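S.K.: Here you go, one structure.
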Amino acid sequence: MPVNGARRSDERMFMTAIDFSDVSKTYGDKAVVSALSFRVSPGECFGLLGPNGAGKSTIARMILGMTAPDAGKITVLGVPVPAQARLARKGIGVVPQFDNLEPEFTVRENLLVYSRYFGMNTRKVEAVMSSLLEFARLESKVNARVSELSGGMKRRLTLARALINDPQLLVMDEPTTGLDPHARHLIWERLRSLLTRGKTIILTTHFMEEAERLCDRLCVLEGGRSIAEGRPHDLIDELIGCEVIEIYGGDPHELESLVGPYADRIEISGETLFCYVSDPEQVRVRLRQRAGLRILQRPPNLEDVFLRLTGREMEK
């Protein structure tokens, strides 16, 4: 179930906002997406989580009808895509991975120009512009050129632009890549407010914290395939379920023989030993015998889920 209770009446007509059924896409001899199936409910934030090259951006392009699948069926807002992609896009707002704002236009001019893709007249755009700029916290920048904005401001303007047509569905491709932590948290706060208003969001990301904070459900991708799907905390509980101790500064294989008998499970990634334990104190007692180690004890997270599923850490 979505984290929010609000639902727009026009969204209730669709049992699913997005339906992928056995979708595949190949470029040359490389399978980018392989027999992928998932459904996104209206009012839900659904995440596509995976490293670069996992197929996330290709999936986003297929949702928009910009890339045709080689096999399978895609339905978006009740219509088949790409066959009726133009109709579907009337109800979609897009936040691309890289900003494509007009740098020499002002904030106001960027919104006006983009609105013309939806046949909106200037009077209608002016009527909603102040609320969009307030939402994006850009009221004081309405006449500033895009080239004068910070990276975080540009991303917030791109988000405001995506909302110009009051879409039912937002497709967001790596929306906080390249932002500093403060700017990233501000975008997350804005997205949570959209969910409380009943918007549907599909989000591609490789940020584990972003997926945990925003997504009702997510699909973990590797090599264009789904390797897990579910609620973030359900995946963490089912696949990990215990405390994690990260150990640095020694030979991980030697450390494994030292603490392995007291761990539920051990994973090694590079120079780091990940020790999954129900009783952390027993492991910490053994580690005190070794000088020069750096030790971090923490709750499990989606990074641990990915490591458990693939045997490696998420590549940024």
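Glycine too: its Cβ is placed from the backbone N, Cα and C atoms.
What Swiss-Prot shows for this protein is this:
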- GLY50, PRO51, ASN52, GLY53, ALA54, GLY55, LYS56, SER57: ATP binding site (BINDING)
- 18-248: domain 'ABC transporter' (DOMAIN)
S.K.: Over the domain 'ABC transporter' (18-248), what is the model's mean pLDDT?
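M.R.: The answer is 93, the mean pLDDT of the model over that range.
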S.K.: Taking the recorded ATP site as GLY50, PRO51, ASN52, GLY53, ALA54, GLY55, LYS56, SER57, identify the other residues of that chain whose CB atom sits within 8 Å of the mean position of the site's CB atoms, giving them in sequence order.
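M.R.: Near the ATP site, the remaining chain residues are THR204, HIS206, LEU221.
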S.K.: Can you tell me how many other Cβ atoms are located within 10 Å of the Cβ belonging to ASN52 (ATP binding site)?
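M.R.: Result for ASN52 (ATP binding site): 11 neighbouring Cβ atoms inside 10 Å.
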S.K.: Using DSSP and three states only, what is LYS56 (ATP binding site)?
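M.R.: Going by the DSSP assignment, LYS56 (ATP binding site) falls within a helical segment, counted as helix.
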